Structure formats: structure tokens, C-alpha cells
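Chemist: Just lifted these from TrEMBL, have a look:
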- 40-355: domain 'Peptidase A1' (DOMAIN)
- D58: active site (ACT_SITE)
- C71-C75: disulfide bond (DISULFID)
- D246: active site (ACT_SITE)
Amino acid sequence: MMRRGEWGAYVQHKAALRDADPAVYANVPQNVNDFGDFEYLGNITIGTPSQPFLVVLDTGSANLWVPGPTCDGSCSGKRVFDSSKSTTFQANGKPWTIQYGSGNAKGFLGEDTVAFGAATEKQLPVPSTTFGIATHISSDFKNDAAEGILGLAFTSLAVDHVVPPLINAINQGLLDQPIFTVWLEHKGAANNVGGGVFTYGALDTTNCGPVIAYQPLSSATYYQFVASKFTLGTYTIAKNYQVISDTGTSFLGGPKAVIANLAQTLGATYHSDDDSYYLPCSTNIGSLDILIGSNTYSIQPINYIIDVGMGDGTCVFAAFAFNNFGFGPAWILGDPFIRQYCNVHDLGQQRMGFAPSLQAK
């Protein structure tokens, strides 16, 4: 729809829906909780009456899944979706398997109303949404506070091309604009504390300043665009890189040699046992600067040096190396970047906007 010049018809359709049903919301903010600056989780409900789940709101994937009642022991301790208790559930039964950067899950598909937000909050209900009901999840997810993952990327990235919940909401005309804003907070080592807001259908003008610039997407699969320079202290690498914005990645990911040079510039020490770079929490050689388009975006040390709660003044450089083997993005701009700058995901015009976080240090 958004690539075929049908936006005008969409607006008229949305207005008609709004007139017919004043409960259709133009935009909806969803609060998320911060888990040690490593993970940001939000509440959703599925079914009628609603069944609650705590999920990763993940711009780096495009499928929604939660545990089901036939899940094996890997789902132990997590809430499960019981389709027999929902009057709006429609069976599908198609099997699915998803492999993430770390972890995997599998199960079968179903269809029901998925609502962004907790039942006690203003919600964005999206009827007739296809989602995964997991029968197995890997240990990465088993030991995590999250009960599932809600992917916010494009349908083209989705396994089996299942329409993601937010894309479904846009296609049904439930939002004012086909955009959403992500604002994340730095809360340090605190767990399960208020840590940001995802605003669907609008710019977040409460927590974010004016948009500095928009950058066109180079691929509308992930939220992928081009960055052309990374600078920290005396180290600079100037090269056009394909990068993605990803709320589901705790750190910054990049080419091995570049990450090693950044770590060396910081004086960080590599530990092979956990594939991490350690350094004193007091380290401060200035901002990590990223050139996107004609604008430089500066990540301050408070957002790229993470206190992992050791209690001895030791922190972790919030970056990791990965090899894309020449395919896909070379960099992942994860939570450290998004804590510094609100990210505006403009699906209609296929571009990313960046605005200063009014709370960022």
C-alpha cells in the first residue's frame, strides 16, 4: 500500500473507520520497562477476554509469538496463550520456526485480536492478527523475563511473510500516521523499572525534541540505512556501511576490526569467556560519533559504557563484533544509540528520523 501511491485512499478509509467507531485511536503510547539497560519489555494482550504477555518490542524482527499450552518444558514459568479461552480465536495450524541472532523458537500459527499495551492502559487493539503459538523456545528465551517477541519490522522480513501486528494496524486504518516513535531511557542496573515509551501513529513530542533529520531506508526489511563514519577519541573509520536500528539488540554491533579498535581506544580489555570488553566505569574519552547523512549523532559514555552490577567499578563497553559475511547490515545500532536519540520509524515514506532524547545525558 505505502509503495503503490495508495496513501490518500488509506487516509479516507481511516477517517471513515474513525467516524464509525470513535474508540479507534489515532495514536497510542505504550510504556516499556527497562531491565538493566539490556532489555526493554512491553505488555500486550491477546484474545477475548484478553490474556496478558510481557514481550520484547523488537524493531529487528517482524513476527509475534508467545508460548502456548503445548509448549515443552522450555516454557516453564511463563504465561501461555490458551486459544480455547478466546471467543475471537481462529485456528491456522501452519508450523513455523524462527532463528534469531541468538536463540530460536518454533510452533504453529493462530489468529486473534492482539492489543498493544496492558489491559489497564489505553490499548491499540488489532483484530485478525496472525501470530505464533510456541511449542518450544531456546534457552536464551527460557531464562529471559520476556514471554515472547513482537516484531515491528516490515512484512518482507517476517518468516512466512506473516503480516506483523503493527503493519496490520496500519493496513486496517487504526492509526493517524504510518509511523511510530521509540524513546528509551537509561536506568543503569535497575530491573523492571519504567524505561521508555513506544508511540504508535505519532511523533513523541513529550520525550523527544524536534527531528534533526530523516534518512531514507536503503532496505525496507529491517529499518536499514547508511552510516558513513564512526569516531571515538583519536580513532576514525570513514566508510559507507549498511546499518540497522534495532530495539531488540542490547549493544552496538559492528565489524570485528572496528569494534576492536574502538575498544582499544577506550583502553578496554577483552574477555574471551563472555566475549565482552571490560573497562573502568569512570572511563570518559568523549562521545562515540556516528555520521548519518550530513548529521553527526553523538552517543555519550553513559549510554555506551554499561554498569553490569559487579560493584567494583568495572563496566562493559556496550559493543560486540559480528561478521555478516557480506550479506545484510554491517552494523546494528542497538539500545545505546536509541537511548541517546529517539528513533522515528516512518513506514509510509520508508525513512528513519532521529530526534534528541530530552532525558538523555
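Note that Cβ sites are derived from N, Cα and C of the backbone, with glycine treated the same way.
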Chemist: Mind looking up the mean pLDDT for the domain 'Peptidase A1' (40-355) in the predicted model?
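Modeler: Result for the domain 'Peptidase A1' (40-355): average pLDDT 95.
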Chemist: Whole-number answer please: how many Å between the C-alpha atoms of C75 (disulfide bond) and D58 (active site)?
Modeler: 20
Chemist: For the active-site residues D58, D246, work out the Cβ neighbour count at 10 Å and name the residue with the minimum.
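Modeler: Checked D58, D246; of these active-site residues, fewest Cβ neighbours within 10 Å: D58.
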Chemist: Give me the non-local Cβ neighbours of C71 (disulfide bond): same chain, 6+ apart in sequence, Cβ-Cβ under 8 Å, ordered along the sequence.
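Modeler: Counting only residues 6 or more apart in sequence, the Cβ neighbours of C71 (disulfide bond) under 8 Å are V80, G107, A134, T135, H136, I137.
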Chemist: Compute the C-alpha separation of D58 (active site) from D246 (active site), stating it in Å without decimals.
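Modeler: About 7 Å separates the two Cα atoms.
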Chemist: Tally every other Cβ atom lying within 10 Å of the Cβ atom of C75 (disulfide bond).
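Modeler: By my count, 24.
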